[in-house]
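Q: In case it's useful when we look at the structure, here is the feature table from TrEMBL:
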| type | residues | note |
| --- | --- | --- |
| COMPBIAS | 171-183 | compositional bias 'Polar residues' |
| COMPBIAS | 184-227 | compositional bias 'Basic and acidic residues' |
| DOMAIN | 231-334 | domain 'TRNA-binding' |
| REGION | 169-227 | region 'Disordered' |
Amino acid sequence: MATNGTSDLKRKQGIVSSLCKHFSLDPKAFSSQVPGNDIKTLYTNILKSSGKESPQNNDEVMKWIAFADSFPSDSKACHGGLNELNTDLAKKSVLLGNGFTPSEADVIVFSVIHSSMIALSTPEKDKLPHVMRWMDYIQNSEDLGALFEKILLEKPVFEPQIAKAAAKPEVTSSAKGTVQNTKIADKPDTEKNAKKSDSADAKKKAKGDKEAVPEKKAPEKEASDKDKELSVSLLNIQIGLIRKAWKHPSADSLLVEEIDVGEAKVRQVVSGLAKYCSPEDLTNRRVVLITNVKPGKLRDVMSEGLVLCASNEDHTKVEPLLPPEGAKPGECISFSGIDGKPEDVLNPKKKQLEKITPNLFTDEKGVATFKGIPFMTSAGPCTSSIPKASIK
């Protein structure tokens, strides 16, 4: 391993603690083994104590253990390994495994690179978006907050973009007025004289135009109503915790979940996620869901909500949005600068959901947004491992 002394010992202690957390074992039972063994031996001993057999992809696990064993402790020397990892994570949520369930390889590599990622500057972290997203996911899904310092994801600065958007009409209006004034000033006197005879008609026309102005208020009101109809504030978006999940009894593409949203009883929700993850993947996972959709049956099973998922362009990769660690079930999502009371129940006839969801997407860092404004909780933004994804 490319470390020595205290740093080597501390790194292996972190690996043992996180692996024991992964396998539900007591790390104290392995503390005496840390000084005299390498990562491979420690992993083998912990796996054996867990009573589980070696995974089918054991060769791949060993490959990542070798990566961890050779990873340098010097933050200046680690860039090559981190860039390699960033490339590998560009098209998947976890290093090994199916769907969203982290493997022991994910836990080991996370433990090894954590201190190096903490030491990086913000610009350096920005160059590793897939590693940052993956680390946030592993820390949350494996509940490693007590073992490792949280690596805060830099939130995109959206306010300047909104400010620019607000300022644009003023600039355009000013520019337009300048051009019009210039054109009027540039008209030759002969043209002005030629139109003197029409001045009376022009005045009448101007007067008629002024009288016609009030008639334009109707479309303005219509546009205002349309904006209100498209506001994300109509949706009651909350944090949920999936307590139980199982396959739909009569639809292979559907899963049924019982989700805790801080109410007296759990909500039953039907989701089209069977192709992308198993019930085991979803159990005890935090999600983001819309809770004011009209309840209804999907293939004879009642559904009382809609789990929001990120999807890449060709829908080959789909995953539920991930709330940050610390967000509590039942907490409502907020959007900076957008106020309004959600509907008690969305009206399917108005197609409100269909009009709003085209404006939901993840940005280049995987932060979930409405028109670029993050899905915010008291603990930070909701995210996905899929950047520039649609959200439905």
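Including glycine, each Cβ sits where the backbone N, Cα and C put it.
Quantities reported herein were computed from a predicted structural model and do not represent experimental measurements.
Have a look at these and tell me how they're positioned relative to everything else.
A: In terms of DSSP secondary structure, the domain 'TRNA-binding' (231-334) contains 7 helix, 44 strand, 53 coil.
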Q: Across the domain 'TRNA-binding' (231-334), what is the average pLDDT of the model, as a whole number?
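A: In the predicted model, the domain 'TRNA-binding' (231-334) has a mean pLDDT of 95.
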